[in-house]
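Undergrad: Features from Swiss-Prot:
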type: ACT_SITE; residues: C141; note: active site, nucleophile
type: ACT_SITE; residues: D315; note: active site
type: ACT_SITE; residues: H317; note: active site
Amino acid sequence: METIHNISNRLQEVLATNKSVNVDTDNDSLSSNQEDNEVEKVRHLVVILGEKYSYAVDRNTGINALMQWFTTNSEIPEEILNAIRSKLNFTYRTNFEPIERAPDGPSPINPLIMLRINPIDAIENVFNNRECFFTDVGWGCMIRTGQSLLGNALQRVKSTVKDQPYIYEMDDTKEITDLFKDNTKSAFSLQNFVKCGRIYNKIAPGEWFGPATTATCIRYLIQENPCYGIEACYISVSSGDIFKENIQGMIDRYPNGNILILLGIKLGLDSVHERYWGEIKTMLESPFSVGIAGGRPSSSLYFFGYFDDTLLFFDPHNSQTALIDDFDESCHTENFGKLNFSDLDPSMLLGFLLPCSKWDEFQEFTSLLTIVNVLDGMDQYRDPDLNSNDIGNVELSPQLKLSQTPDAITDDDYVDIGALIQGNSMNINDRDNGYQEVQCKNQQIVIMDSLNETKPLEIEKVLVGQGTNLVNATTPCREAFPK
């Protein structure tokens, strides 16, 4: 009779060849039943931005085989691989159109950054212009994941307008990716994100963007440039609260349009509580989802789907050169990363694309969630310590342009609003760089008119008992994709 040790060895040999087996200890033998009996299959769900794919594997060897290809990205079913390849992925770039250093900002000559790029490029940049940034390596990851979220939202609009599935040939995405090329002429370029961040949030070139700043820049850039099918943008960085009156106002204005909804949330202190895992899956399964940006401390990723308890993401930290002819092709990849829900950072930016005609469906979808809430009004959620006389008209002026410099009193992603509560002036010299150190907070943004001007005043992240909430603004834009 074979020993248990021998049987174990033979089992491992058979499993290595991915065969289904029976152990027959009575007859002292191991026999394959692959030809004689139907092998029992187990189906696993793979979700990619609202699209669901079922993958069948043998019960006995399936987990090993499935985890192997999710570990090595090898032997992935072609249908799933095509779905991943079709999504847009924006990464660090080098040798792009120079961005001038701010007098009060960091220096482009950073040894840590220089070590992470091509040595020839580093030397060339030093000799050509020491006062300009030629790469966003080390500081641009949140901008890049914001671009990925926005780019895939635009791709969703295009596929819907043309009545096509979400997955199509990469040639169809060129008119979208051209909007993200690294030059000032491209509507959603890194250069324009940096310009917007400098004007409205006092973020200098070379400084890291937070989720709130990224969301704010996306909204302003949608306003400033032709929207290519996205007519309005609603953002909140205080919570996942969406107010009906704001959305309904946008729908009344653009009944056949699309609204990009960006929600900054924090689902825990150091990690995402397990009770939220299912809701994150539900959101990614929704046809409204355009992904999640963030999810790692000071190292943003773009999450586009999941498998079991593993999130799938694109990593923006893989740098590419900006001066290439096949730019569109470089925005697609088969390489993706995996992250367990237990390792996910709780601060993240959720993205949803809402066709105005599907507002009722979206509300029904959010009724399944506790993370995202559609609420009737916002008066009861205003901080009682904030006198209503201090808050002007919360409707943003549609004439606002990037060329203007409003009295934005934000710095980085957090500011102290104590001075605003007690008077009409604030000291913006005291910088709050404690984004990662804050363990308990109610992240906050308020956009309003100043007391004497029509320019917007933006305040982010306050530690309050009950948060005031974001208000939204939109301007008309032409339809870019013909029906």
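Placement of Cβ uses the backbone N, Cα and C atoms for every residue, glycine included.
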Undergrad: Where D315 (active site) and the residue listed as 'active site, nucleophile' are concerned, what is their Cα separation in Å, rounded?
TA: 9
Undergrad: Including all protein chains shown, what's the count of other C-beta atoms within 10 A of the C-beta of D315 (active site)?
TA: 21
Undergrad: Provide, as an integer number of angstrom, the distance between the C-alpha atoms of H317 (active site) and C141 (active site, nucleophile).
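TA: Cα of H317 (active site) to Cα of C141 (active site, nucleophile) measures 7 Å after rounding.
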Undergrad: By a simple count of other Cβ atoms within 10 Å, which of C141, H317, the active-site residues in the record, is least packed?
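TA: Among the active-site residues C141, H317, the sparsest Cβ neighbourhood within 10 Å belongs to H317.
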